[in-house]
C-alpha cells in the first residue's frame, strides 16, 4: 500500500493527511445541516471547530506520545512528525471537548447545545479518518487466513497483506461501526430536544464499538497489562449511561 497520495514539488502529501482533511470537511457539511435542525448558529460552530480541531490534533498526538515515549526519547523532534500516523483518538476527543467547553463557557453559550450538533460530525470524521490507517498499513488486527480475508473486496485484501501475512482489517470494522452510529445520532438529533442526549449517546456508542474492536488490534497502547483504549471505553460507557439516565430523570421531574 502506497501511503503517498501525490507530491507538491518535493513535498510528499500522504493519504493519512488527505483522509483526515476529507473527514473534517464532510463533518463541517453535516454540521451545517444539523445546525438547522437544532436552530444553532453555524458561524458559532465554525468558530468552535477552529479551536477544537487543532486542539484535538495536539491532544491525539500528546496522548500517543505519552504511552509510546520510549520510541521518541532519543529523537524528540519526531514527536512533531504526525504525517506517518501516531494520533490516538481518545486524546483528541478529550482535548477537543475540553477546548470547546472553555470556549463556549467564555462565549456564554450552551455547551451541550453545540456538542450535540457536533457529535454526528465527530463520529463521521472518525469513520472516514480510519481509512488513513489503511493507507498507512497500521491499526490492523492479528493474522487471519486467506479464506477469511477473501470475503472482503480485493483492495482490502491487498492492503491487509503485509510482509507475507493477512491481517484483520480492524480499521474497516471501526469505520463501519462509526458510520452506523453517525446515522443513528442524526436520527436522534431530530427526535429529541433534550440537551446532552446526543453527545452522551455518541460517547457511549463509540466506546462500545471501540471496546470490542480494540481486542482484535495488535498495536494497542498499554497501561501495564491493560489496553488503555478498552479502559477508556469502559469509562465512556459508564459515563454515558450515568449522564443519559440523569438527563431523562431530570426532564421527567419537571
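Cβ atoms here come from the backbone N, Cα and C positions, even for glycine.
Marked as transmembrane segment by Swiss-Prot on the basis of sequence analysis: 11-31 (among others). Within its own chain, the transmembrane segment (11-31) has Cβ neighbours under 8 Å at 2-5, 42, 45-46, 49, 53, 83-85, 117-118, 120-122, 124-129, 131-133, 135-136, 182, 186, counting only residues six or more beyond its boundaries.
Only residues 6 or more beyond the boundaries of the transmembrane segment (49-69), in the same chain, are considered here, and those with a CB under 8 A from a CB of the stretch are 24, 28, 31, 79, 82, 86-100, 103, 118, 221-223, 228. Summarising the annotation, Swiss-Prot assigns transmembrane segment to 49-69 (among others).
The feature transmembrane segment is assigned by Swiss-Prot to 84-104 (among others). Sequence-distant contacts of the transmembrane segment (84-104) (same chain, six or more residues past either end, CB-CB distance under 8 Å): 3, 14, 16, 47-48, 51-53, 55-65, 67-68, 110-111, 114-115, 118, 122, 126, 129, 132-133, 136, 138-139, 221, 228-229, 232.
Per Swiss-Prot, transmembrane segment is recorded for 109-129 (among others).
Taken from Swiss-Prot, the feature transmembrane segment applies to 169-189 (among others), supported by sequence analysis.
Sequence-distant contacts of the transmembrane segment (196-216) (same chain, at least 6 residues past either end, Cβ-Cβ under 8 Å): 112, 115-120, 122-123, 126, 141-142, 168, 170, 173-174, 177-178, 181, 184-185, 188-189, 227, 229-230, 232-237, 239-241, 243-244, 247-248. Annotation source Swiss-Prot lists transmembrane segment at 196-216 (among others).
Here Swiss-Prot flags 228-248 (among others) as transmembrane segment, drawing on sequence analysis.
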Query = So what's near the transmembrane segment (228-248) in sequence-distant terms, Cβ-Cβ under 8 Å and 6+ beyond its ends?
reply = 67, 88, 90, 194-197, 200-201, 203-208, 210-211, 214-215, 220-222
Tertiary contacts of the transmembrane segment (169-189) (same chain, 6+ residues out, Cβ under 8 Å) = 30, 34, 37-38, 116-117, 119-120, 123-124, 126-128, 130-131, 133-134, 139-141, 149, 152, 156, 159-160, 197-198, 201-202, 205-206, 209-210, 213, 216-217
